[in-house]
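Trainee: Before I ask anything, here is the structure I am working with.
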Amino acid sequence: MPEYKPVKCASESAINHTMDPPDRVLPRPNGGSCTFYSRQLRQYSSLPSHYRARDERKKPLSNIEFRCDLNMIKSWFANFNESQKRTTLLELYDMCNGSVWCHHGLSLRLEYEGGMHGRCYPGCMDFVTWFPLHLSLRILSYLDPKSLATCARVSRPWKEVSYHDILWQKLCQLPQWRLSEAGERKHRELHRKHNGRIDWRMAFVERYRLKRNWARGQCHVRTFEGHTQAISCVQFDEDRIVSGSHDKTIKVWNMRTNSQWSVMTLVGHSGTVRCLHLSGNRLVSGSSDCSIKVWDLEIKPLWSSIACKVTMLGHTDTVRCLQADEKKVVSGSYDMTIKVWDLKGGECLKTLHGHEGPVLCMQFDQRHLITGGGDSLIKVWDLDMGECMMTLEGHQNAVTCLNFDGERIVSGSLDHTIKMWHRDGGTCLATLDWRTSEGHTGVIRSLQADSWRIVSASDDKTLKVWDWATGQRLLTLRRHTDGVTCVQFNDFIIVSGSYDKTVKLWDF
């Protein structure tokens, strides 16, 4: 085995100025065998006795020996790939833990080179380009909508990640941005792409704009005219508005056209039409002639069909309020009773007694029935048993309107106030009036509520929008020239009727 001989240099200055290229210290020619390279390693590790002696004596290397070893290390390092070079540097850095001068010299060099990433390519620390997609999405999912939109302007990779449907779908599902069940279905169909996927970013943009318009009161108002007397009740669906009036007629309006004239007029009641309930092509109406009628409305582009299917007789005074589902109709009357009717046959199934004044408003779900009356009371009924479970007291005058979402009740009264109640405890949570809450200055005629807002109508000629959670008045709408008698709304529009004989559509 040949003896290892270290490189001899004429002088230290010669070494400093003459650096042997790596391939001249440990030759590993291109295409050479691994056996040759391994033999050189064995020669280096087994033969240099002066190195073993140096380790035993722990004496420092001379400049010549140091330069020779350094050239050999550099020659090996040049043959490493990028991963191996990185591993070598990290391990060498770990070996410097006890040397302050090593850290000091390294920090000075890095500072001179412009920092730790002075020679890196641009964006080397951009987590969006380095991290897997699911990690980048997880980080961006904690941003609010405005910050997420700002991220799209950083760079092209940031735009691609910040436009991902997962981020915007998550925002759309937050409580403050959710729509009603019908609104959710409409939005998904509206923003469905050709491949069947939903463009959630555009869906959220529209929801953001919609909520901003509600907060600012920015809407387009259309007016429908045709009734000859005051409007008493309104209902609407995706295409139609139905209104009842003191002129004893029911008019159906097409909200998809710019025409202010009705599509059809239903004549059949002999008194004021006081209440309506529209569901699909079925319309239920109640009147001061003590009757309830069930109509079949079939409106097509080329033809229309109107038919009164059932007439329900049993009340002895004005039918003031009603609601229907697939099987039954529940009605309240000035005769102080509540009746439950079979929808198809028209027979009265049961009659509930409890109010000591006219029953002016009502709403029911699968189990509970909530009613308000001229006796200033709100009653909670078990609809199956027909028994009054609870009575809510607090209003100083007749309860004219209410809304019930399963747990919370909101009611309006002739005493000019709106009250919020909890059904289970029967406690009044808040009172909205003109003194403390910038409320109505007239009688509350109608109201409706959804998950986050309340819309109320009053004799003071205005509609007001309230925040359900805080009771704060969000905006006041003024376009009617007389008292507003009825109101209904969804996520996109408000429909109102007034003593001024007009129906108005407020499109947000």
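A Cβ is built for glycine as well, from the same backbone N, Cα and C atoms used for every other residue.
According to TrEMBL, the protein carries these features:
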type	residues	note
DOMAIN	125-171	domain 'F-box'
REPEAT	224-263	repeat 'WD'
REPEAT	266-298	repeat 'WD'
REPEAT	312-351	repeat 'WD'
REPEAT	352-391	repeat 'WD'
REPEAT	392-431	repeat 'WD'
REPEAT	437-476	repeat 'WD'
REPEAT	477-508	repeat 'WD'
Trainee: Which sequence positions outside the repeat 'WD' (392-431), separated from its termini by at least 6 residues, show Cβ-Cβ distances below 8 Å to it?
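Mentor: Same-chain contacts beyond the flanks: 357-358, 360-365, 368, 370, 372-380, 437, 439-451, 454, 456, 458, 466, 468, 471.
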Trainee: Within the same chain, where does the repeat 'WD' (224-263) have neighbours whose Cβ lies under 8 angstroms from its own Cβ atoms, ignoring anything closer than 6 residues to its ends? I mean 6 or more beyond.
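Mentor: Distant Cβ neighbours of the repeat 'WD' (224-263) are 186, 269-278, 280, 283, 285, 287, 295, 297, 299, 304, 482, 485-488, 493, 495-505.
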Trainee: May I ask for the residues of the chain that lie six or more residues beyond the repeat 'WD' (312-351) and have a Cβ under 8 Å from a Cβ within it?
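Mentor: Beyond its ends, the repeat 'WD' (312-351) has Cβ neighbours at 271-272, 274-275, 277, 279, 282, 284, 286-288, 290-294, 357-364, 369, 371, 373, 381, 383, 386.
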